[in-house]
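Structure first, commentary second.
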Amino acid sequence: MTTLFFRYPRLIVLALFLVVAAGLAALSVLGRQEDPSLTERFGAVTVILPGADAARMEALVTRPLEAALLELMELDEVRSTTRANVSQLNINIRPDLSPIRVEQAWSLVRDRVAEVRPSLPDGVQMVEVNRQYMGAATLIVALRWPEGSEGSLGALSRLARDLEDNLRNLPGTKETAVFGEPEEEVRVVLDPEAAAALGLTAADVAGLLARSDAKVPSGRLAGRSLDVTVEVAGAFDSLDRLRAAPVSAGPGGFLQLADIARIERGLREPEATLALRNNNRTILVAAYLEPSLQVDAWDRRAQSAVGAFADANPGLETDIIFAQADYVVDRLSGLARNLGFSALIVFAVLFLLMGWRSALIVGSALPLTVLLVMVLINVYGSPLHQMSVTGLVVALGLLIDNAIVVVDDYRLLRARGMDRTQAVDKAARTLFGPLLASTLTTIFAFAPIALMPGVAGEFISMIGVSVIFAVGSSFVLAFTVILGLAVVFDDTGAGQGYRGFLRDGLRSRPLAWAYRKLLDAVIAQPVLGVALSLILPVAGFAAATTLPSQFFPPTERDMFQVRLVLPASVSIEQTRSRVEQATEMLLAYDGVEDVVWVAGAGAPRVYYNMMNVVQGRPNFASGFVRADSKETAARVVRDFQRAAITAFPDAQVLAIPFEQGPPSPAPVELLVVGPDFAVLDRIGTDIRRILSGVPGVTFTQAGLELGLPVARLETDEAEVGLAGLRLTDLAGRLRADIDGVPGGSVLEGVEELPVRVIAPDVRRDAIEGLGATPLPGRGGAPVGISTLGRFTLAPETAAITRQDGERTNPVYAFLEPYVLPAPVLAEFQRRFEAEGITLPPGYRIEIGGEAENQGEAMADLMSTAIPLLILIIASVVLAFNSFRYAGVIFAAGFLSVGLAMFGVWMFGTPLGFNAIVGSLGLVGLSINGSIVVLSALRANHLARAGDPDAIRETVVDATRHIVATTLTTIGGFAPLLIEGDAFWLPFAAAVAGGVAGSALLALIFAPAAFTLLVRFDRKARAGEPAAPVTA
């Protein structure tokens, strides 16, 4: 078997054709996207109950739903925010569940919500379970009428729905959404006095209209010769039909609706949400692609559909303001360039060290392995994105290690006089075990990354998967195709020694002499060699203590997100005014091209971890800013944040760079848990005061909001009873006048407009107008609300937050752009302890935000790393059949982590999650050189006997391929190091620094440790009869 591909050269040709054809076919069908697709583990249950304050919503809605959901073992966390009229429960599903079990968990969530639904109060208008799509929009289109156009927002809304239908019908579209869409309706504005004189309320009129709207089926006549549907004519199909609807005015008498009300068609006011682009009223249409499809191919079809829509509506401005395909092409093209540059560097290193013939043979492993990895990724079911392609860049220098060792060893055996058959057989037999062990250790080292659960694991796992596929494929190719090519393209002078640079690569006699002298010194004084090997690793561990901590770095992008929060009592029109002011400031900066806001709700996602779960908050707005370059965006986000603090003293205006990693509400979060609102508020106030003084903090915000002004009607219940009313009747009638009551619908073609009966604006704009509203009293006599009591303004809880069944007060700290959260949190903790604040019994503070996400990610990583570390130990112990030599290997692995920290420190990057992941993967890489050296030393009986010359020459023989594999690995990372991308630089610095130092460990530490072990064996056997040296 070891000479199979040598004896049957046609196998090489067939294998090459198979790998190339399968790889190109897989590449043509693989999905392409910017970032990995994440499982939808986040979502929200939203309930709307008009007229209920936050306390009622908590007691009647939030707590029952929360109790039902917390019974599900599949849920990791349930957080709720309860406000007047709205309750939102944010759900996190356990990170260890597979995608199939996540789908089952969402089904259970819907079932529990459906079980609780009948027990919720009457009047609940909406109960929705929404899953958070974990990804950016694939395409966002902005629609607006040109300046001076007479087009209505209602018509614009209908056109937006038409475009949404067109995008939804494209193959591959997962979902669509419309943002900033006004709600059209037919408004029946009652004359309060006329209605009260007739003894009618808004609810009465709405009921009459609903019963007059004959859109219900009346049955079906079916007989032997007849099959006819029966209908009652009279459905509302126009405003005139609605005006003519009869309204009962008493026994035997009727009036038409137009006699007591004004009927008009318009937009619902106040609007729930609105969208602005560069301060122009806009409607946004977003489309999201199914995961694992080719974004660029779908984008071409979508752009064609948008172009056809624009041509069909020439009076409408239709602009594509975001296309993910642009970022996908840019990202993958950049990574492909890095892959190409890395390949050129690797080939150049091979040519310099091994000569042109060996460089071509070993270099052929690069394209063959990459194509084979494409096949495996396609079978695995993952698309191409920045993580999978970066995994190839990471593996580029590793995947030829096996080929280098095999080809170099074959040529060394040929140089010693063996014929081709003997050389290929001995090389395969000798190297199969050590290279299998080194390949398995590399696979086991990257397996924790590939198997890591949770959001962070799903994000980075394809790095590990790509590396595992690459090194596994390279091992198979090295002992089949590559070794076969080495034999087929062998030259007749292979056994004649060094014949020049082009054939055998660089050789330097003075350098070789100096290197041998160094090895002689290390072998003579092995303790000194071990000590020298410890210098850089120990320095690295010491440097690591000075590095700032960071979870994931910001991404370099030509966009950033903006957010604006005003006091809870602010209307959406006031929010719009502030948004327009902020937009003017942003557009004044050079290089800013687009400013998009959505007020009252979350904006469409233009990045995969952008949060947009906010609904029904008129005091809230969010959006994104697009600049002409990533450098401009980085400059503007800093300048605008500083300027906004001064320009908006009554608001929180945040400019936030897009960051990698799981979504988080704020960089720093401190969760105060306890039962009493007042105590929670007091502790939260202390925390906010301390946080505000920490350098780098721009704003602080508490989730628990007290002191919302509420207009309360203080009534004399006896007077209300004398008027023939009850307090609940009074509350219901007030709500009907203020919010309106639905009463049927008007069907115009395919558009159905709801009918809402409501009081005139003058009765709803101010407390005085509301007090003057007459109500039908006892005997039909009108009764003014002001005669039943008086209105007062009273403070009330605006927002109640809970987590996993407990009341909480989450305190958020927002930071200046690019300020690291870890130092801010550490400084806060120091100041908090210095003030000596003690918490009452039953209260505690938990740390959330980035610190919590990082802790969970590290726990997930270690949960898979520890078992796999045991597998690495087992594979090395079994390969050497010795615990002592395995100890040397793992000492080298541990020291390489210090070298990785030294690399991170040298490049000046924070010690983030990427650097830790790189260090973990490095352990499997760094020990490969030591495995090769120790294997060669143990295979030489003279070296095992302690012969210094034999030890030295064995290490010298292994040096070239160790140096080659080290330089090719570093060469693979060179583009990432040179480019300096904030996301990849810590990872590349850790791996490259560790790999560079691992060569020193393999060539200095390993022979020194081997010499110490041999000497220890000789001393242990002193005085005993001579016996063969064993491990």
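Cβ atoms here come from the backbone N, Cα and C positions, even for glycine.
Pulled from TrEMBL:
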type	residues	note
TRANSMEM	335-353	transmembrane segment
TRANSMEM	360-381	transmembrane segment
TRANSMEM	387-410	transmembrane segment
TRANSMEM	431-451	transmembrane segment
TRANSMEM	463-489	transmembrane segment
TRANSMEM	518-544	transmembrane segment
TRANSMEM	861-880	transmembrane segment
TRANSMEM	887-907	transmembrane segment
TRANSMEM	913-937	transmembrane segment
TRANSMEM	958-978	transmembrane segment
TRANSMEM	984-1014	transmembrane segment
- CB contact flag for the transmembrane segment (958-978) and the transmembrane segment (387-410), at least three pairs under 8 A: yes
- Note on the structure: Lying 6 or more residues past either end of the transmembrane segment (360-381) yet within Cβ distance under 8 Å of it, the residues of that chain are 16, 19-20, 22-24, 26-27, 29-30, 292, 339, 343, 346-347, 350, 354, 388, 392, 395-396, 399-400, 402-404, 407, 465-466, 469-470, 473-474, 477-478, 481-482, 485-486, 489
- Note on the structure: Lying 6 or more residues past either end of the transmembrane segment (518-544) yet within Cβ distance under 8 Å of it, the residues of that chain are 895-905, 911, 948, 951-952, 955-956, 993, 997, 1000-1001, 1003-1005, 1007-1009, 1011-1012, 1015
- Query: To the transmembrane segment (387-410), which of 335-353, 463-489, 861-880, 887-907, 913-937 is linked by the most Cβ pairs under 8 Å?
  - Reply: 463-489
- Query: How about the transmembrane segment (431-451) and the transmembrane segment (887-907): do they have 3 or more C-beta pairs under 8 A, pairs 6 or more apart in sequence?
  - Reply: no
- Item | Beyond the flanks of the transmembrane segment (913-937) by 6 or more, those residues with Cβ under 8 Å of it | 394, 398, 401, 405, 433-434, 437-438, 441-446, 448-449, 456, 460, 463-464, 467, 550-553, 661, 854, 857-858, 861, 865, 872, 876, 879-880, 885, 888-890, 892-894, 896-897, 899-901, 904, 943-944, 951, 954-955, 957-958, 961-962, 965-966, 969, 983-984, 986-991, 994-995, 997-999, 1001-1003, 1005-1007, 1010
